[in-house]
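Residues or ranges marked as transmembrane segment by TrEMBL: 20-37, 79-101, 113-135, 164-185, 212-231, 237-256, 268-285, 291-307, 323-344.
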Amino acid sequence: MRAWRFSHSVFCRRRCTYTFTVLGAIVSVEAMFWLSFPCRMRRRTSLFTADFWGNVYDNAVAAGQYGPDAAPLGGVGTQIFNCMIIMMWCFVGIEGASVVSSRAARKTDVGKATLIGFICLMLIYVGASVLPYGYMSSAEVAALDYPALVYVFSSMAPGWGGPFISIAIIISILGSWLSFTILPAETTSEMADYKLLPASWGKLNSHNAPSMSLLIVGACTQAFLIILLFSADAYDFAFSMCTVAIVITWAFAAAYQAKWGVQNKNGVQAAIGFVAVAFQVIGVLFNGWSFLLLTCVGYIPGFFIYVKARKDYGNAITMGEKVCMGVISALGVLSLVLLAMGVISI
């Protein structure tokens, strides 16, 4: 029911929703500030640097290959891959600023919001990941339950540290949930304006909110939450699936930037585009082919909606589009078959 409450919040109180989203972002930054303060005050430099430099034995222990206290962190390649997957989510700040750019009072604010969003997310991720190692060893941090940040701060500030971070995490999650309710609704609404979706998806209600888009977002969110009930590891499954789903779209955006740079003979933009494409593609492949196949299932209903929109506006489906839709649909059906056979697990 909470998914529908968020959709209703955006549906009826759009300005209030944006305010709460901003509040969630502020709370996240404030929480990191208060976390970094005791971390700096109680930091043990020798402990902080030991897990960075260490020695052959320490590295073997960290890789889970030797010693009774070995932490199964995997080899260097595995750890780099895990960092890449986390870094994917730093681009959410860029996406959020670009999606709602049409509602900005000044176009110059879009560029500022894009840069600020990326920097803030990067600082939060790096701070939350690195600072605890100045207070606890890597083995101690690895042994903590989720969310580890609560237990770290509770140990540094007994009595109030744990509850403070817990409340901050709750507010931050609510703000993020609202953001991810706004972003897909805003995106599908703009797609309707470009005649890529039926016109009903772009109709605004009296509160200037896209009604149909929000209803679909609420339904999809509810369906995804139900699927999580059948997952052995709900967090990792949701994290991996969402990463693949969003990175695919970013890879296409980066490919367009590379194409634009080549066509306009702008070497810098072309180089940035090609590097971004490589980064996104590698991230998707490292995340696992099973998640890539399962993502194809979500595109199948969208094809029917897209075909309807093309017919409504009198536009024909090209042969290239038919081939792409056929291949992706076949992969989606294949993933369901493999899931039923137990080859793919969620």
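Placed from the backbone N, Cα and C atoms, the Cβ positions cover glycine too.
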Short question: most Cβ pairs under 8 Å with the transmembrane segment (291-307), which of 113-135, 237-256, 268-285, 323-344?
323-344
With a Cβ cut-off under 8 Å, give me the same-chain residues at least six positions beyond the ends of the transmembrane segment (268-285) that come close to it.
84-85, 88, 243-244, 247-248, 250-251, 254-262, 292
